């Protein structure tokens, strides 16, 4: 997340409306986490946020894992933040806040869907013929058999 000169950068590209999963995954990398199963004891098949490739078939045990970090990821974060805290304050971008640009509107008092209505969000992502469709299934059920590429 933070380079030795105190700067930070992450680039995230949304594909197929799964941006929150991608953001969480890339933030995990920024905080030093490796993919589950890549030199650690966590299995990529357990479908946690840092699993590589595509989601595997859902089981009752892994149903909610795509929205959680594995214990391996948490260990990477803990190590990173502990070591990072010992660095010079000047080079620690997590130690201080920066002021937001005046060009960025404050939308902190808005709920999701209030600034850009659901139908407009669909049209922006998928074209003018798209619209918001309410479904009764949960997000976990929706993504059960979806292939979501990360990295």
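For all residues, glycine too, the Cβ spot is worked out from N, Cα and C.
For 26, the entry in TrEMBL reads active site. The feature Zn(2+) binding site is assigned by TrEMBL to 25, 29, 35. Residues or ranges marked as domain 'Peptidase M12B' by TrEMBL: 21-83.
Comparing residue 26 (active site) with residue 35 (Zn(2+) binding site), their Cα atoms are 10 Å apart once rounded.
Counting residues per DSSP class in helix, strand and coil order gives 29 helix, 1 strand, 33 coil for the domain 'Peptidase M12B' (21-83). If you draw a 10 Å sphere around the CB of residue 35 (Zn(2+) binding site), it holds 22 other CB atoms from the protein chains shown. Ranked by how many other Cβ atoms sit within 10 Å of their Cβ, the binding-site residues 25, 29 place 29 at the bottom. For the residue listed as 'active site', the count of additional Cβ atoms within 10 Å of its Cβ stands at 17 [all protein chains shown].
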